[in-house]
Amino acid sequence: MLWTLLGVMVLLLLLGFPMMIPLIAGPLIIILFFMDGLEPTIMIQQMVEGISSYVLIAVPLFIFAADIMTSGRTSQKLLDFVGAFVGHLRGGYAITTAAACTMFGSISGSTQATVVAIGKPMRERLLKVGYKDSSAIALIINSSDVALLIPPSIGMIIYALVADASVGDLFIAGIGPGVLIFIFFAVYSYIYAKIFNIPLAPKLPWKDRGDVTLKALLPLGFPIIIIGGIYTGQFTPTEAAGVSVLYALILEVFIFRSIKLTEIPNIALSSGIVTAAVFVLVAGGQAFSWVISFARIPGMLTDAVLPADPTALNVLIIVAIFFFIGCMFVDPIVVILILTPIFAPIATAAGVDPIHLGVVIVFQAALGSATPPFGVDIFTASAVFNKSYLDVIRGTPPYIIMLLIISVLVILFEDISLFLLNIF
Amino acid sequence: MQWLGAALIAVWGVVRKGLLFLDSALHSVELFILKWSIIAISVLTFGNVIYRMVTGDSWFFAAELSRLSVIVASFIGISYAARKGRHISMSAFFDLSPRKVKKTLAIIIPFVTAIVLFAVGYYAVLYTHGIYVSGRTTAAIGFPFWLMVVAIPIGCFLGGIQFLRNMWINLVNKEIYLAQDKKDYSEQ
Amino acid sequence: ACGGNDEGNVNEDNNGADNNAGGDEEAADGEAADVEPQQWRFVVEETQGQVQYVYAEEFAELVSEKSDGALEIDVYEFGALGSEVDQVEQLTDGIVEFAIISPGFTGTLVPEGNIFALQFLFTDDQEVNQDILNESEAINEHLAARYEEQGIMPLSFWTEGAMQWTGNSELRTPDDFQGFQMRTQESPLILESYRAYGASPTAMSWGELYTGLQQGAVDGQENPIFFIADANFNEVQDHMTISNHNMYVTMTTVNPDFYNGLDDATRDIIDEATEEMRQRGFDIQEEQNEEFLAQIEDDDENPTEIYELSEDERDAFRELAIPVRDIYRDEEGGEEGEMILDMLEEEIADMSGEDPTETDGDTEENEDEE
Ligand code: NA
Ligand code: NA
């Protein structure tokens, strides 16, 4: 039964079916052919259950807020701000890119939004000062991946939903690893610029810096609202997402006047399409999760890949490998939906902190989705920048190696994710 | 017999017009739902925060109406995404396949997808009917729960029909279509 | 191949062998019954180690013993099969045979069951309350019938312990509840009860509650002690009030079609196990609630001030809680509910009005029966 299930799902995925189909067809086949007397209507119940969580409502809201800002000027202000302070350093433009991606990641929940908002304008600046296109694109893809770790993060919301963990805590725990990635990338950018002798940009006078800082103050309010609001008890993560929509509207429509109010429904349409595509997956994922729990499958599978009495480290390593490989092929959300219900119970039994587990999983999702051959980010970048597949992957190896190193660190030292939680 | 053929063609013309009109009406409804559900969720969520900060009380209906919007948008979205070829898929092998294989897949994939959606739609009708009979209501507002889930059978059937059209357009045309409104990247 | 089935067969064989070895002894006692081997599923609303789960496991053991291992019950912890409401539907659809269902999660299906949301309705002696639950005609006949109409057959009603308040400030008088953000389940009567005290009740998802209490998004919550300690709420709350304002009532239920379709011998086994579990259920919750109360008291790292309401202080709340019963009578419970509440009020008065020594006698009698 187990192998039928996985076989059908992998086959449908690889053939290029819409991803909701393997998620729905897998459990449907199990119910129809392996479960005597079980009515398939149970799947519908669980599909409803899957998208009924109040926490999940944060997802369309963060997507909407990011879409509003991507159509407006927020990202431009952030770029000017970071550029004014670090643009003149050795590797300054690359560092600016990494920093701006990290910052925009702290506004938007998704890698794709960050690639579009920061990647598009930064790629032109990078090319102008002499970066090779392949290294510029590699930098952008991998820096944008930080968006999954820095709050808000759609990946974390989905994990929290499946593992019944606190979204607020996960958000905080993602900051450490996210910043660590930025530091690695910044150091690498510095060394790279030194070796390839990338010319320096002029240093901005302090007056101009003050000017751009003032203009960036408003966009910099997002992380304060999201993290600050959640952690002072002003609102829940879902409400924080709602407030960031309101904030984005006020900023772009009334203060920057970059978007007309009449354009908002069309922006909402694009958020609505993405939401629907993601939520159908979440619905199917819950149906899948129910069937494997009901048939007691997690035990069977983990018996096959784990030693009898696994340590926390055993589990984390297996989890990391499975999620990494999974996310190399399939959208991270689907992987989180499928694998979390299988591994979370075993991880908890082995004494892994569920928040740390969430960070490791989301980290692997970020890493896997940037890794050739099939990481989804590569296809996003290929579409956004209109470059061939090979051009997009050529520059990625150094970043993948750095991310692998950081991922080992994150697995070994749970304090990288948990120390901020202990301070708060 | 010629008049019969002519009559059939005329009737088909009328039916076709009617269907196309119905389809464009459905398309508008889908657009409307996708746009306004997102806006509704936003207003309900930040409105509730503001209301609570001012009055100290919460909108008891906010969570349930948001949930309703999310469910309706998600399942009506199946149909819209099918028209536009916007469903998330792992297309790497498809993209790298030779043209003949691609064409075959472009017919088989929407066909099987439609069958799966019709099957799910059928069970969703049974489920919705069961809820309707039970008379279950929602916890906060107390409106009938079947209204919460009726978007699922509707969305699955409409989605299934759109996928059949995606198959049809690949059967009658030489080019490869990812959806009726979207040709394969290699042919754009 | 289906791994699950293979495994199942092996287990069955093993169990059969084991039980045959010890079976002669039991047969000699005349207790073992000859029944068809069957495998059932039992889903609970709590996770491993918590009261409902322990109850279900012991129930499963009893049934297995009484049937010489022929009747196997697989216990599913909360989360495996969806939400509490999903579990109810799975019971009525026969996907699971047994479930522990709390009336709080079926309020929209059986509004009469919201009677258990009324605060200060029962006594503050939990043993008396359990006796009422065991013997009340209002509950075991009239209310149970409402559940059966919805495909849920209650075998027994039992308490998981008295509900207590925790807060980031003292909760001793209704004044303390003015403007207090109280997290409750999403049930109109519970919300009304706290509004009656002057609080602002809000619903918040379970996953966010710890952080919500820590950061002050909500000020307090209500639960039995074992639940409070298991979720570590005492770490983020400074005060706990032993308010006994209500008790957490739950039901052991079966799918009626399944139950009525069983042969007499099999059904007798279930009934016996249910009866034996009445006292065990009470003991399990009492042990856990006492143990966890001690743990909260002894936790010096996260000190919690524990205060027990006096009878006078309880009366101040009771006075405000009694008018909420009219909302149940007029709106929530309907005609049937009104009748049930009237009858239950009488039964409670009868049983708590008795001489305390007699009440004790009743309890001992119950124990003797087992
Ligand atoms: Na982010
Ligand atoms: Na405390």
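Cβ from N, Cα, C; glycine included.
Pulled from TrEMBL, these are the features on record:
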type: DOMAIN; residues: A:6-414; note: domain 'TRAP C4-dicarboxylate transport system permease DctM subunit'
type: TRANSMEM; residues: A:6-34; note: transmembrane segment
type: TRANSMEM; residues: A:54-72; note: transmembrane segment
type: TRANSMEM; residues: A:92-118; note: transmembrane segment
type: TRANSMEM; residues: A:139-162; note: transmembrane segment
type: TRANSMEM; residues: A:168-191; note: transmembrane segment
type: TRANSMEM; residues: A:212-232; note: transmembrane segment
type: TRANSMEM; residues: A:238-256; note: transmembrane segment
type: TRANSMEM; residues: A:268-292; note: transmembrane segment
type: TRANSMEM; residues: A:312-339; note: transmembrane segment
type: TRANSMEM; residues: A:399-421; note: transmembrane segment
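Beyond the ends of the transmembrane segment (A:168-191), by six or more residues, the same chain brings 89-91, 94-95, 98-99, 102, 105, 139, 142-143, 145-146, 148-153, 156, 159-160, 226-227, 230-231, 236-237, 355-356, 358-359, 362-363, 398-399, 402-403, 405-406, 409-410, 416-421, 424 to within a C-beta distance below 8 angstroms of the stretch. Between the transmembrane segment (A:139-162) and the transmembrane segment (A:6-34), fewer than three CB pairs separated by 6 or more residues in sequence fall under 8 Å, so the two stretches do not touch.
A contact links the transmembrane segment (A:238-256) to the transmembrane segment (A:54-72), because at least 3 Cβ pairs that are 6 or more residues apart lie under 8 A. Counting residues 6+ beyond its ends, the transmembrane segment (A:54-72) has Cβ neighbours under 8 Å at 107-110, 113, 116-117, 152, 154, 157-158, 160-161, 167, 219, 236-238, 240-242, 244-245, 247-249, 251-252, 256, 258-259, 263-264, 267-268, 270-272, 274-275, 278-279, 282 in the same chain.
Under 8 Å from some Cβ of the transmembrane segment (A:212-232) lie the Cβ atoms of residues 69, 74, 77-78, 80-81, 83-84, 103, 106-107, 151-152, 168, 171-172, 204, 239-241, 243-244, 247, 251, 255, 424, all in the same chain and six or more residues away from its ends. Each residue in the domain 'TRAP C4-dicarboxylate transport system permease DctM subunit' (A:6-414) has a pLDDT score, and their mean in this model is 85.
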